[in-house]
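Below: one structure, written as structure tokens.
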Amino acid sequence: MARSQSRSRSLLLPICTILAILIHGAHSFYLPGVAPQDFFNGAELTVKVNKLTSIKTQLPYSYYTLPFCTPSKIVDSAENLGEVLRGDRIENSPYTFKMGDAKMCNILCRKVLDAKTAKAFKEKIDDEYRVNMILDNLPLVVPIQRPDQESPPVYQLGYHVGLKGQYSGSKEEKYFIHNHLSFTVRYHKDKQSDSARIVGFEVKPFSVKHAYEGKWSDEKSRLTTCDPHTRQAVVNSNTPQEVEDKAEIIFSYDVEFQESDVKWASRWDAYLLMTDDQIHWFSIVNSLMIVLFLSGMVAMIMLRTLYRDISKYNELETQEEAQEETGWKLVHGDVFRPPSNSDLLCVYVGTGVQFFGMILVTMMFAILGFLSPSNRGGLMTAMLLLWVFMGLFAGYASSRLYKMFKGSEWKKIALRTAVMFPGIVSAIFFVLNALIWGQKSSGAVPFGTMFALVFLWFGISVPLVFVGSYIGSKKPAIEDPVKTNKIPRQIPEQAWYMNPAFSILIGGILPFGAVFIELFFILTSIWLNQFYYIFGFLFLVFAILIVTCAEITIVLCYFQLCSEDYLWWWRSYLTSGSSALYLFLYATFYFFTKLEITKLVSGALYFGYMLIASYAFFVLTGTIGFYACFWFTRLIYSSVKID
């Protein structure tokens, strides 16, 4: 038993090593556009505040929507397109740190709540909102110790606004605010220049009902609950600060500086530690093994069967034998007959090519480290811009297919390719954005950004689609390997398992099976506010998805042609595209089992965005399946002698 275990481990080791190189390759050099900043003792450190987030509502809010302490003037930081779409609102804060200058019990401000502000705090505590801050481009985290003390802590992004609880001996639930923050800034010191680089930004939040001597004065008041002069620090929340009408809240903070061995280039590694990394590793390797095994089996069956078929057909010498032929060769005169709604198929294939190009180039950039979490909003900005520029290939692909179907109005196809998919997505997005506006959330896209998106679409994407279509229309039409008969052949009655609906639904299971494990981690990063950075894994899964979509479509297309059904065009697209249905069903399952969303608007947002994602997945996988089947049919019909 021990021997077999060690053998399986030795087999997994090289695979894991290759994956690790792919995944961590980007960590060994400085990321483009993200240069380290050196601080000397006494240098001012700028702490910025970001949006308030909640995994219960999925609606971000600007930090200053709650009556926290404010600086003398609130200044917005410039955000990129991706940050605005994510709902990031980065602003300055009243927290002032100086490098190496530890502070204890620093008073920030005093607030007296009224009924309205107390209600606002209670609502955010109810919905488990977290406060997000940034120092030197590092997000603020709360370290949470794992059950086994030896393991490194898990980091939670941002600290909770407050918590609910009861006083001992009372059953009434009260709301308490985290009004004292104990910051820890970790830095790596350069021994030669005596400068330091920030490598960690942590906080421990406390709820403390502060007391002070005499009457309150902003500058002269001295707290009795914590005092830097007597070295009395806040270490627990035994006397918490309640949130209620007319409550007096004093906001305070400590800051300490700790030297760290972590180098600047590796400072994100601790943030990206996954709590269930082992499960992730082995489930991905499992998925790889199963899918590669299936792919091998499918390829073997196809090669053997096809080789036998083509040899048999080419050996038919007499006219009698030729008349008695059965199977896929019988439909050679109809197999390349243009399908019904061929224009729509051209549009969807073009859109799929656009998507494929966008995802492929995005993953290349991500693996090279250009789109790391330190580059906030970079991933979304890159995807949007790449989508726009890939319009050139969308126009070319749809125009080439349209010309093969003997179409002559390439401008009409170009317009539909440029407008249809983005139009449907924009309509859903606009409705969702209106819902977010209604909630006064910072996640609502401002009109300026809306205008920028419309400009990208109509100013750049649409013209590029037309350019691509024009180039495609000028190319000679793709010739069919066999001639098409004038009169369509009658399709014989099909067996129940060859029913289009059944075979299409069966076809989507395998591609979905290839990605569903990775899908869990992607959904967790999006909806549970965690980082997703393992683009090496994602690239491998994407490669597996391409192979699986292609193979399952080819197999089912072959069976379909063998049963003398030549209507393969749309079915090849829908066979692999049906995996999007399983993706949406899985997203529904995830919603009810993993998320705690209770608000109707938040539920609508989740299902709206997952509908867009599923639609995009349908277009992508459908196009992969279509091109695989297109290549396959042309290959087999050009390989046989047809009189």
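The backbone N, Cα and C atoms fix where each Cβ goes, and this holds for glycine too.
Here TrEMBL flags 1-28 as signal peptide.
The transmembrane segment annotation in TrEMBL covers 281-303 (among others).
TrEMBL lists 345-371 (among others) with the feature transmembrane segment.
Taken from TrEMBL, the feature transmembrane segment covers 377-397 (among others). Long-range contacts of the transmembrane segment (377-397) within the same chain, counting only residues at least 6 positions beyond its ends with a Cβ under 8 Å from a Cβ of the stretch, are 79-86, 88, 349-351, 353-355, 357-358, 361-362, 365-366, 370-371, 414, 417-418, 453, 456-457, 460-462, 464-472.
Residues 59, 347, 351, 391, 394-395, 444-445, 450, 457, 461-462, 465-466, 601, 604-605, 608-609, 611-612, 615-616, 619 of the same chain sit 6 or more residues outside the transmembrane segment (418-438) yet have a Cβ under 8 Å from a Cβ within it. Among the features that TrEMBL reports, transmembrane segment is placed at 418-438 (among others).
Listed by sequence, the residues of this chain that lie at least six past the ends of the transmembrane segment (444-467) yet keep a Cβ under 8 A from its Cβ atoms are 81, 84-85, 87, 350, 384-385, 387-389, 391-392, 394-395, 411, 414-415, 417-419, 422, 426, 433, 436-437. If you look up TrEMBL, you'll see 444-467 (among others) marked as transmembrane segment.
What TrEMBL lists as transmembrane segment is 504-528 (among others).
The annotation transmembrane segment is assigned in TrEMBL to 534-561 (among others).
The feature transmembrane segment is assigned by TrEMBL to 573-592 (among others).
Per TrEMBL, transmembrane segment is recorded for 604-632 (among others). Beyond its flanks by at least six residues, the transmembrane segment (604-632) meets 58-59, 345, 348-349, 351-353, 355-356, 359, 421, 424-425, 428-429, 431-432, 435-436, 507-508, 511, 527, 545-546, 549-554, 557-558, 568-569, 572-581, 583-584, 587-588, 591, 595, 597 of its own chain at Cβ-Cβ distances under 8 Å.
Sequence-distant contacts of the transmembrane segment (504-528) (same chain, six or more residues past either end, CB-CB distance under 8 Å): 55, 58, 280, 283-284, 287, 290-291, 294, 534, 537-538, 541, 544-545, 548-549, 552-553, 556, 571, 574-583, 586-587, 590, 594-595, 606, 621, 625.
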